[in-house]
Every structure is written in structure tokens, then in C-alpha cells.
Amino acid sequence: MTDTASVNIDALLKEGRTFPPTADFTATANVRDDSLYAEADADAEAFWAKQADKYLSFSRRWDTVLEWKLPFARWFVGGVINASYQCLDRHVEAGRGNKPAYLWEGEPGDTRTITYAELLEQVCRFANALKALGVKRGDRVGIYMGMVPELPVAMLACARIGAAHSVVFGGFSADAVADRMNDSGSVLLITQDEAWRRGTTVALKRNVDDALAKTETIRTVVVVRRTGNQVPMTEGRDHWYHDLVESQPTTCDPEQMDSEDLLFTLYTSGTTAKPKGIKHTTAGYLLQTMYTHDVVFDIQPDTVFWCAADIGWVTGHSYIVYGPLGNGVTSVMYEGTPDFPDKDRWWATIEKYGVTVLYCAPTAIRTFMKWGKEYPEKHDLSSLRLLGTVGEPINPEAWIWYRQFIGGGRTPVVDTWWQTETGGIMIAPLPGVTVLKPGSATRPLPGISASVVDEQGNPVPLGGGGYAVLTRPWPGMLRGIWGDDERYKETYWNKYGDKYFAGDGARIDEDGDFWFMGRVDDVMNVSGHRISTTEVESALVDHPSVAEAAVTAKADAQTGQAVAAFVTLRGGVEESTELAAELRDHVGKLIGAIAKPKWITFTPELPKTRSGKIMRRLLRDISENRDLGDTTTLADANVVNELQSRAAAEADKEQ
Ligand code: WTA
């Protein structure tokens, strides 16, 4: 176990309070006792079959629940289904067409309410437009947008015609867009003129133009008008969204898709410089998102759900789009940042729409703590009945603050552990049943099997720590990595053979509850976003002044971890703060602003073993100012002393 992990445990142990569900909450909760766990334990496949019958509308029911040829799963084999039908038509046909699907809040203050019937119409129009542009079943379509309603419309329009979407977070750079479009072989890219962000604009269309100079497969670009500012349009290639949909019919037959047809790919960072295109298919993914959304967030007919993630990440795919729409729930969708025009924007939004469930990342909560409780205190947040977190371990202090100052000391807080790869929530409380412990995601959901194991794959005893693994296939599991089955096997299955290796360290306590403690591989978690150390290193060495670079995560009070880079310059290049700024920008250009190193320490040499391997573990200890212990395997021990003083000077400078 790493030192960081043991530091975390110490912090966790200090908070001993537990929070059983209140009788009031349990009385109306949609899961009220343990029976769901017992049922799933008795026969997991029968359990999932029953959930599929409850949640999914197949136009042809499946024949087999699961075909498991380790490590490749097929769920609900033989079923025919369409994700956009599941999310839209079903509700309209049942007479709920007038229910709002989205209460959309633009950053500048403009708003839109979109009912299920309206969303269906928009999806059909755009689906027809995509067909008219030559997009076919089985194609991949790129989406690079901000948080506007046309983003879920675009995703569902793809699903309607059987094309897989590949959404790229709007904060990524042109190069990152180009890489993902090339890897997925997307034929069309949907974007917008610009996005609003903290009162200024993000030049999405311009980034797309730069990206397209480096892609071969994109033939067509569709541009949604958002800010209305002038953007260059390339004749014959670029089309305005509003022009395309205007003349299209308002209905479009949903394509009959196989349960196992690809619904989307979503790229996530791994331990190499090349992001992985995670594949999710149709029926299993829909079931995982709908079931978990229902039981973990205790969905009620009048729920107003707000997942404050960006749709560019998996959390937004699963809990802004497919889970809530599948369940016919009303969601708030917000375009901008939490501090525009002031630091109470979220709380004003909750009050305005009567939000009942809020789902966000610990990094946001820590930021709100820093801003102060006076911002939430200005607003009536009494509509909230449940709070959730995701993306990184939550420190008990933030958990308690969240419950106290946002949840009014009343609401349960559900800490949900999952990954892009799992499709939906895996380990989390059921709020009407589970005793909550600040800092613990508690236990695997009914139907999910997880364990904490040692290096050899043996379960650790209660109270022990090790690696988190998933021990049975689940409906929403990734079906592989786009174009790279070998990497899929190697990343997740080679370590233990028959168990899915999640890449997370975890501890299991005396009650069997899980405490996640961060990644155990070369993946950093900055503000809940996964960033690969190797990817940032490659971006740094791409700069002409850099000879060598090593990147590690450094603990950060606000963002969880921050990127710390150690950089050796080429001969003759002078160290300077200007150069450090230039290197940060270079990383921003190649990957995106989220990957920019917060700390850059120049060093004449990196600490290496005698065989020439960079000692990353040591660099992390240096950046976090820890005692280094034994450094005898180093080729040159002096390098370390020098680095320690440089890193300390760097840390002082930034304070
Ligand atoms: C981390 C986000 C602790 C974990 C849905 C995982 C968490 C990675 C939690 C996946 C949590 C997510 N407690 N750690 N509740 N939720 N993580 O793919 O390290 O962006 O492996 O999916 O985030 O990040 P991803």
C-alpha cells in the first residue's frame, strides 16, 4: 500500500460517526430492506433477467441472459432494442409526453424547458438530418460540444439510427479531438460555434477546424449555433444544425438494434500515452444505468434530478442522458461554471427548480467549502432529499460538510464508486437501507460482486487493504477497447485471470464496507478526471526545449491530486518561469487545460535506477515532501537531495 493510502486511512479513522437511514426516508424509499441483496446473491443471472424485464422495452425479447467467454461478455443475447426508443418514445406513448425531460439553464441566464415529446421530435428531426448527410447504421459519429440541449439530442439521434457516438469533452484540445476521431474512425463531427464558460467563450468550432486538418475520416461537420458569434464555415463540409433540421420530418423509425450493438465509445486515460476507446453496447448499458439510477438515487415520480457533471465524461453519459431519460425523470442541466455570475449559482439553481437529488464530485464540494457556507445559506435548499458524490475518494470532512450545509443535516449522502469501464454505479449505498459512513462507498449493489484482494488475488481479511476487483460480469461492463482486444485483456484481466482489475486501492472494514483510496497505477485523478502520467510526459517531451520529463500526482487539498512534473531541459536551454508557463500551455494545447501541470520542477537529472528506469514512486514522495527511506537503488543519490530542495522551493513559490 502506498504512503498516500495510509495517510488517507488515518484521516478516515478520525471520523467515526455513522448515519443509518431515517424511518421517514425508508418509509417512502423504493428499496426498503435487504431482500434485493439476498435475491441477487441467490441467483445473479435470474436477478438481472428480472431487472431487464422491469426496466427495458425490447421489441424482441432476448433468449439468453449472459454469454460469458472470459473476458468477453454478451448480455441479453438475441434481444432487439433501441436506446432512443427506450429513453423517449416509451414515455410519450405512456402519456407522459408533457413531462419535462430537461430543465436547462444556460450560463448567461437563458433557460429552456424541453418535454419528452419535444425531445423526441428534436431527436427524430436530427436523426433524419444525419441520415440525409449519409450517416449509416454502424458508423461512428464524433461530438465535441458544451452543455447545451443539442448535445443529448445528438447522442440520441445517433442511437436512433444505429450509429455509435463518440463524445469528446469540450475542454479537450484540437489535437485530442483529432486523435479520438482518427482512432474511432468517425465520419461526421457535431460541434457548436462556441461554448459559454465563466462569462467568456470557448472556441469549439475553431478547435474543430484545427482538428480536421489532422483527421482523414471526417467528411462532414454539423455546427449548433450557441453564442451567435461569427465562426468560419467551410463550404460543402460544414452545415448549420438549424438549417438541417428545419425541413426534416418530425418522426423517424428507430433502428432495430441488437442488445450487443455498439451504443458508444468514450475515451479514457490509461497507463500509456494513448487513450482507450471504451466500448459500451446497448441493452446491458441501459439496464445498468437505469437500475442504478433508480435504486441509488431513490427515484420518485416527482424527482428533479441534477447531475452536475459534464456530458463529456461517463458520469454525464450515464446520469444526465441514459439513466434519467430511460427512467423518464426530469433533470436539470446546467451549461456553465459554479461561480458565474457569483459563487452561489448552484444553490440558486437548486432553489429555482426545486432540485430533489444533487450528484456531483468531491472536488466541487471542497471548492464550495473553501468559498464558505454563506453562499448556500443565501438559498432555500429544502427541496433536496438526497445527495450523491462520484469520481474520487471523498474525505470525511467534505462528506460531513456536504450533508450539513447542502443537505441541511437531513439528507443521506451516497458515495458512488464506478468507472468509465463499468458503465454505471457499482459500489454505493441504497439510501433507504444502508448505514452510511463518511468516506466509504459502502458495499456492492445487488447484482454486483466485488472484492479486495492481495497481490496474488486472495481476498484480504476484513480490516485489510489491497486491490479492488470485480468478480462477476455485470450488464454495463465495457465490451472491450475500440480496436484493441489485446490491450483490453492486458489492462483488466491479465493480473488475476478471472477477476476484473479496477486499478484502485481499497480497504475493506470490519463490516465488509469498501473504502477506496485512489489509483494504484500511473493514472492521476485531478478534480475527478482521469489523466495519464505518461500522456502528460509525452506532451512535455514534445516541446523542443525538453529533454526528459517525469510526471506524478501530488496530493492537493482542493482537486484531490494535482499534476507535478519534473523536467530536464535540453543542453543550452535556460530554466525560467516563462518557460514553465510555456510548457504548461504546450500540455494544454496537446491534451487540454485539465492536464496542465500545477507544479513544474526543473532538474538537471531525473532519479533513475541503475537500469535506467525513472523512479516515479520516489518523485511522488519528493513532491509530497515525504521521508524517502532507502534510496540505495539509485544510480546517483545526489540527484535526490538536489531535487528535494528544488521541489520545496517550487512549492513555497506558489503559495
Ligand atoms: C475514481 C468516473 C473513490 C476511481 C465515474 C476510479 C472513485 C476512477 C469514486 C474512475 C468513489 C470514482 N470513491 N474513487 N466514489 N468514483 N473513483 O472513469 O479511481 O472517470 O477508478 O469514472 O475514479 O474514473 P472515471
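Keep in mind that glycine also has a Cβ here, set from the backbone N, Cα and C atoms.
Among ARG385, ARG403, ARG530, only ARG530 appears in TrEMBL as part of the ATP site alongside GLY391, GLU392, PRO393, ASP415, THR416, TRP417, TRP418, GLN419, THR420, ASP504, ARG519. Secondary structure from DSSP puts THR420 (ATP binding site) in a helix.
Here the candidates are the binding-site residues THR200, THR315, PRO393. The one whose C-alpha lies nearest to that of HIS543 (Mg(2+) binding site) is THR200. Proximity to ligand 1 at the level of Cβ atoms, with a cut-off under 6 angstroms, picks out GLY391, TRP418, THR420, ARG519 from the binding-site residues GLY391, TRP418, THR420, ARG519, VAL541, HIS543. All chains included, 19 other C-beta atoms sit within 10 angstroms of the C-beta of ARG519 (ATP binding site). The separation of GLY199 (CoA binding site) from GLY391 (ATP binding site), Cα to Cα, is 26 Å. On the backbone, the CA of ARG197 (CoA binding site) and the CA of THR420 (ATP binding site) stand 25 Å apart. Inclusion criterion for the binding-site residues ARG198, THR200, PRO393, THR416, ARG519, VAL541: a C-alpha placed within 10 angstroms of the C-alpha of LYS613 (N6-acetyllysine); this criterion is met by none of them.
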